[in-house]
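Just passing along the structure, written as structure tokens.
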Number of protein chains: 2
Amino acid sequence: MEQKVWEETGGAGDERRKRMSVGLCVSCPPDIKQSVDKTLEYGYHFVVTQLTHPNYTRDADDDDPAPIGRTDRVLKSSEWGRLIVAQINSKVDLDSEVEHIGRKSRVILEREFGFAAHLGVPAVMITLNKPNNTQLGRFLCEKLVGGLPYSVWVNVPMIHPSRYSPLADQEYDTWDWWNEFQTCCDYDRRCGLVLDLCDVKHLCVEKELKRWIGEPVKALVVPTSFFLINQHGKPVLSRLHQDIIKKFMSLDVQYIIKNDTECDLALYVRYLNYLGKKLFVRDTMTEFVQGFEDFLQNPLQPLTEHLETTIYEIFEKDGVKYDAYYKAVLKAVQSINPDQVPVVMVVGAGRGPLVQAVLNVSIVLDRKLKIYAVEKNPYAVNTLVHRCKHEWDGRVTLIKEDMRTYKPPEQADILVSELLGSFGDNELSPECLDGAQRFLKKTGITIPQAYTSYLAPLQSTKIFNEIRQNRPLDKSLQVIYETPYVAHLANFYQISPPQALFTFTHPNWGEDPSNRRYKKLSFRAEQNCLLTGLAGYFDTKLYGDVGLSIHPDTHTRDMVSWFPIVFALQSPVQVERDQTIEVSFWRTESGDKVWYEWCLHSPVKTRIFNSCGKSYSIRKH
Amino acid sequence: MEQKVWEETGGAGDERRKRMSVGLCVSCPPDIKQSVDKTLEYGYHFVVTQLTHPNYTRDADDDDPAPIGRTDRVLKSSEWGRLIVAQINSKVDLDSEVEHIGRKSRVILEREFGFAAHLGVPAVMITLNKPNNTQLGRFLCEKLVGGLPYSVWVNVPMIHPSRYSPLADQEYDTWDWWNEFQTCCDYDRRCGLVLDLCDVKHLCVEKELKRWIGEPVKALVVPTSFFLINQHGKPVLSRLHQDIIKKFMSLDVQYIIKNDTECDLALYVRYLNYLGKKLFVRDTMTEFVQGFEDFLQNPLQPLTEHLETTIYEIFEKDGVKYDAYYKAVLKAVQSINPDQVPVVMVVGAGRGPLVQAVLNVSIVLDRKLKIYAVEKNPYAVNTLVHRCKHEWDGRVTLIKEDMRTYKPPEQADILVSELLGSFGDNELSPECLDGAQRFLKKTGITIPQAYTSYLAPLQSTKIFNEIRQNRPLDKSLQVIYETPYVAHLANFYQISPPQALFTFTHPNWGEDPSNRRYKKLSFRAEQNCLLTGLAGYFDTKLYGDVGLSIHPDTHTRDMVSWFPIVFALQSPVQVERDQTIEVSFWRTESGDKVWYEWCLHSPVKTRIFNSCGKSYSIRKH
């Protein structure tokens with residue numbers, strides 16, 4: 001969660017709208033103090049402007065530390081520090097082939113970067129004008145390694161004019177410029193992207209837009225000339241532009257109005273604030289994920305670590321999930337001979353939500369069920385004891401044991417469990433249900449009946465950086481990149497559709513009860529992109545046609561229990577259009593643990609990650 | 001800055017009072033939900049209570065993971081997580097000499113600590129009842145290493161009853177109990193202290209109170225029986241108790257009301273809120289340091305790193321300091337033959353505050369002065385250029401150079417500089433002024449004329465932990481403990497008064513211009529304590545009787561420019577009453593840097609810290 005250039009102080013604000021942070025591009029104002037005051041008065045939150053007053057000569061002479069420009073005392077340091085994004089002279093060209101231009105550019109850049117540090121501005125904005133920016137990248141690297149105290153905003157257009165100009169002899173893709181540049185800078189999180197919004201006549205195609213959303217976009221530049229005038233004479237954006245802005249909203253980008261027409265500037269910020277209200281979708285999912293965007297969590301280890309009250313409470317809030325379980329149990333019970341009293345065992349009962357679902361089935365069907373609740377966490381058992389006595393009126397038999405060792409007095413018709421993780425089998429549902437199968441009748445039903453994991457190639461430098469940045473002192477880079485994380489993906493691009501990986505079905509009376517798996521998957525990249533890892537999803541068939549899914553294309557509506565899982569790569573891999581991304585993936589085990597290993601075969605070969613589960617594994621005991 | 005058990009949400013609140021966080025001790029309430037609601041209604045912010053309902057048997061049987069007590073669903077997880085401090089059964093005695101008591105105690109403790117983790121409470125409170133708590137310490141260590149998710153509040157009385165009971169055969173000092181216990185736990189920052197306030201008849205002596213203030217005190221327990229009834233029939237605390245509370249206010253402690261009388265509980269929290277207003281002193285210093293308590297800053301490196309706008313701005317805000325400089329320059333000018341136009345050179349002029357002070361002298365004395373401003377930071381020069389032109393009307397000659405290499409057109413009568421650091425010479429004032437002395441007349445005056453550093457032995461596990469906790473990934477423990485820090489000391493105990501260390505005088509025309517120094521200092525501990533490092537201060541004679549000081553006993557009133565400097569030890573050292581703390585301290589140098597080294601001779605001998613300046617040095621270039 002990053003700090004914004006400008007941040008509204010105090011209060012949670014109105015949650016029914018997205019708070020829009022809007023800056024104004026002010027080119028060389030004669031009096032910066034006055035200009036800032038006026039811009040704030042219009043309702044803007046920050047100003048993008050040059051630090052160097054145009055009255056001062058720009059001639060760079062190595063020997064003369066000449067006056068730089070404005071004096072620092074024209075604004076308070078808190079104003080420099082919150083309100084000003086420093087725009088670097090766009091004529092600077094460090095990568096010029098003319099030697100003296102490169103040399104002069106370096107002097108100017110050194111000075112402007114130094115002055116920006118002196119003033120304490122929150123961000124500096126530089127523009128990429130051409131494909132090759134290696135010298136600029138090297139310059140920036142030097143600053144980043146030296147400990148740059150501000151962010152660097154790298155400005156490119158979403159679409160380069162050459163893409164639609166009949167005169168251009170070459171078509172440029174500005175994503176390539178940016179990608180090469182950020183690669184030079186090792187994807188440093190202080191480098192963000194500022195995109196010039198594309199013109200309605202030359203819109204970004206869908207896949208390119210999606211790829212931009214996988215980048216660390218800090219701001220969108222909107223020229224006033226893009227606004228239409230509505231029937232009330234007010235500037236508004238076209239539906240097409242609104243659609244683009246809506247897509248970027250999940251990234252919490254800021255907006256920069258670039259005034260290229262004569263107009264009342266207050267109207268634009270007011271309009272963007274209005275869009276913050278109009279375009280903001282507020283549903284169960286949006287509400288739930290707020291603040292969790294790209295936030296890394298470690299997958300649970302429910303077999304070795306007792307879950308806590310907060311976790312149980314979050315689980316239990318997902319009505320959609322338990323409703324599906326209720327329906328599955330209902331159908332399963334109905335499939336059993338009506339003369340019989342079905343024995344239903346909830347294995348891993350927690351604080352009892354599945355037990356309650358089973359009881360509801362019994363009530364709705366008006367049918368007697370013999371219900372067992374098996375739970376090993378003594379603190380959850382404590383709650384179950386209470387519920388058995390005070391809520392369930394003795395209708396549930398409580399078993400304080402591990403389902404894998406429990407010796408039941410009778411066999412079950414239905415086994416119900418909720419051991420699924422974000423990747424399906426990653427909380428050892430296969431091992432647990434295979435273990436519990438001992439006390440399932442040969443004709444018995446397991447809920448879930450089956451589940452499948454899915455993988456998709458992922459581009460997200462955000463996730464790549466989150467992993468790097470949150471490294472605990474006692475872990476190596478290798479360990480943290482070989483560990484999977486659960487995260488609500490927001491700032492990402494899914495390079496290609498997910499493909500099915502491993503499927504498990506229950507009960508598993510087959511001869512080979514092994515839960516080891518191996519599969520090789522091939523994905524095609526439809527455009528140049530950056531592979532930073534793999535996103536994992538799952539779906540499950542609970543019973544019959546009742547299922548749950550977090551696969552992006554079939555996601556169960558309003559279900560919030562699971563975020564995707566991410567398997568990272570320690571170094572991002574450049575992928576070109578039409579290249580194949582070929583991945584091998586293993587699920588393997590030893591006596592006391594289960595783990596995954598993975599490697600790439602193409603576009604580059606990599607070592608096998610997490611070999612022997614040395615960095616991450618799921619413990620059985 | 002730590003999170004409190006309870007934290008008021010939103011808004012900065014009324015700054016003219018201290019926000020008091022007050023809890024109520026509620027012993028075994030029959031209905032915890034009702035009890036919490038009522039306590040909040042009274043105006044309290046949290047509840048200290050047992051997790052285990054008294055109706056449940058406490059018989060611990062290793063084999064039976066029996067129900068623990070209250071069910072977790074009686075409160076929301078957010079309530080457990082914000083409002084409840086879990087009090088551990090006071091009968092638990094892990095250090096009992098009776099084996100089965102120790103064994104049973106361990107089972108109960110395991111269970112209560114586990115249940116507390118399950119519920120997600122913010123803190124657990126345990127009580128020390130006797131001197132030897134090694135088993136309990138070991139138990140806690142095990143939990144801390146395993147990753148305890150909550151704080152542990154360790155409760156002891158400020159004064160043990162044996163100290164004033166005629167019947168006791170031994171006098172206990174509860175500080176020793178605590179100290180031994182926290183040492184077991186390696187001063188883990190998750191272990192805080194909860195002190196039972198002493199009774200007015202048996203007050204803590206001053207030095208003991210000061211020592212408690214050096215400890216990580218999280219809360220004070222105030223029994224209702226300590227309250228007097230005022231003429232309006234309302235409970236109030238005696239002046240003596242108020243004095244103690246006032247002293248703890250700077251630590252931001254919380255309060256726990258222990259109800260041992262029949263009374264209206266709402267009155268106590270209201271009274272404590274009132275004390276938050278009444279006892280809160282709000283002066284320049286208090287205001288300035290808010291939020292900086294025990295916050296570590298790296299000393300400046302002004303010779304190699306350009307200062308930034310924010311730093312200059314903070315400097316310039318200290319009117320007291322520049323007023324002293326003004327007075328010193330005034331007196332120095334007055335000491336010069338009235339027929340002469342004194343040449344005054346401000347070396348290291350920054351953005352010009354000293355230049356302004358010199359100009360003010362010129363105006364007030366109505367005497368012409370030839371003023372030079374020497375500054376090497378091009379970004380500060382930028383400001384000086386502007387001020388020379390627009391504010392100073394050509395009366396100041398600006399020199400864009402380093403004072404150590406500058407070749408002036410004439411010699412100065414007065415050299416003025418503000419290069420002093422928290423430890424006097426630690427920003428290389430001696431080296432700079434010796435360098436600038438070349439262009440001072442033999443009869444000339446340097447302002448400052450002299451400065452002296454001071455050292456005092458320090459007890460502060462807070463600072464010890466701040467250093468440990470903020471370790472950057474790329475630095476070893478040794479490096480961070482061998483680095484000095486500047487900090488506003490709040491949670492500390494100064495074991496013995498400061499003693500003078502090194503003095504420098506200017507100009508220094510003597511034969512030995514060396515600025516190397518060595519001194520051995522001896523301090524006596526007047527009570528048992530824990531030595532965690534050394535606190536450094538300085539004072540300076542600017543000119544004649546005009547001086548500045550941050551020595552605690554002579555601190556210049558309302559001057560905020562300098563916080564003390566701290567030299568740490570990598571391991572705290574136990575010191576007994578009347579033991580001598582003997583310290584050697586060096587200031588030494590090589591061609592391009594200056595650094596300090598230090599070691600202890602007693603009560604233990606240590607290696608020489610920061611030998612060769614390997615962890616920290618002040619660069620000359």
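Glycine too: its Cβ is placed from the backbone N, Cα and C atoms.
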Given TrEMBL annotates A:Tyr312, A:Lys321, A:Tyr322, A:Asp402, A:Met403 as S-adenosyl-L-methionine-binding, which of A:Glu262, A:Glu287, A:Glu375 belongs to that site as well?
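For the S-adenosyl-L-methionine site that includes A:Tyr312, A:Lys321, A:Tyr322, A:Asp402, A:Met403, TrEMBL also lists A:Glu375.
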Could you work out which of the recorded positions (A:Tyr312, A:Phe315, A:Tyr322) has its C-beta surrounded by the smallest number of other C-beta atoms within 10 A?
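Comparing Cβ neighbours within 10 Å for the recorded positions A:Tyr312, A:Phe315, A:Tyr322, A:Phe315 has the fewest.
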To what whole number does the mean pLDDT across the domain 'PRMT5 TIM barrel' (A:43-277) round?
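Taking every residue in the domain 'PRMT5 TIM barrel' (A:43-277) and averaging pLDDT yields 90.
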Where among the recorded positions A:Glu375, A:Asp402, A:Glu418, A:Glu427 do you find the Cβ with the fewest other Cβ atoms within 10 Å?
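Across A:Glu375, A:Asp402, A:Glu418, A:Glu427, these recorded positions, the one with fewest Cβ atoms within 10 Å is A:Asp402.
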Does anything in the same chain, at least 6 positions from A:Lys321 (S-adenosyl-L-methionine binding site), have a Cβ under 8 Å from its Cβ, and if so what?
A:Glu418, A:Leu548, A:Thr556, A:Met559, A:Ser561
What residues, ordered by sequence, lie under 8 A Cβ-to-Cβ from A:Met403 (S-adenosyl-L-methionine binding site) and sit at least six positions away in the same chain?
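Correct list: A:Val347, A:Gly348, A:Val374, A:Lys376, A:Ser417, A:Cys432, A:Gly435, A:Ala436.
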